[in-house]
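Colleague: The region 'Disordered' annotation in TrEMBL covers 1-80, 118-142. According to TrEMBL, the feature compositional bias 'Basic and acidic residues' maps to 31-40, 131-142. What TrEMBL lists as domain 'cGMP-dependent protein kinase interacting' is 80-180.
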Amino acid sequence: MSSYYPRTKDLTRTRKSVTDSPPSSPSYTDKNYRHERLSRYDSTGESATDKPMGRTSSYTRRETRLAALNKQEQDSTAKDYKKMYTEALQENERLKSRLQDSKQELVKIRSQLERVAQRQDRMSERSTVLETEKREKQALEKRVTDMEEEIKVLTELKSDNQRLKDENGALIRVISKLSK
């Protein structure tokens, strides 16, 4: 059990040395060197080639690799989040401008629709006025024809009246001659 604790300490030291690297990322060769150095020695400091590969040695290497991969993933996801955020902002701005353009186009189309509706109203009013004028014109024409017929009837009546007056005058003369 006493040998268990030192190994744990070495593991934490190994993890810290891999994950707590300086802010500037080490070059690819530095990482390989560190990885090879850590994988060659186990927790006791003995070379892995000096004794047969044990479970703790492969476990240490595996942990070291996983810690390095996790660090790289964290860095890449942080960068990815920043990139995704900027892309989302750009997309929002693009969508906002499209929305604004659509609103302007909608206002323009509504005004055109209103103008067309007003023209149609005027046209319908004109057509209503024209229909009314046509009816009035037809009514006036009918009235004119009726009046013309009345005038004809009146002229006929005048001529009949004149003829009857003439006949009446002739009869009065005949009766007056006969009575004399």
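Cβ atoms are placed via backbone N, Cα and C, with glycine included.
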Colleague: Which value does the mean pLDDT take for the domain 'cGMP-dependent protein kinase interacting' (80-180) in this predicted structure?
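Modeller: The average pLDDT of the model in the domain 'cGMP-dependent protein kinase interacting' (80-180) works out to 92.
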Colleague: How many helix, strand and coil residues does the region 'Disordered' (118-142) contain under DSSP?
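Modeller: Its residues divide into 25 helix, 0 strand, 0 coil.
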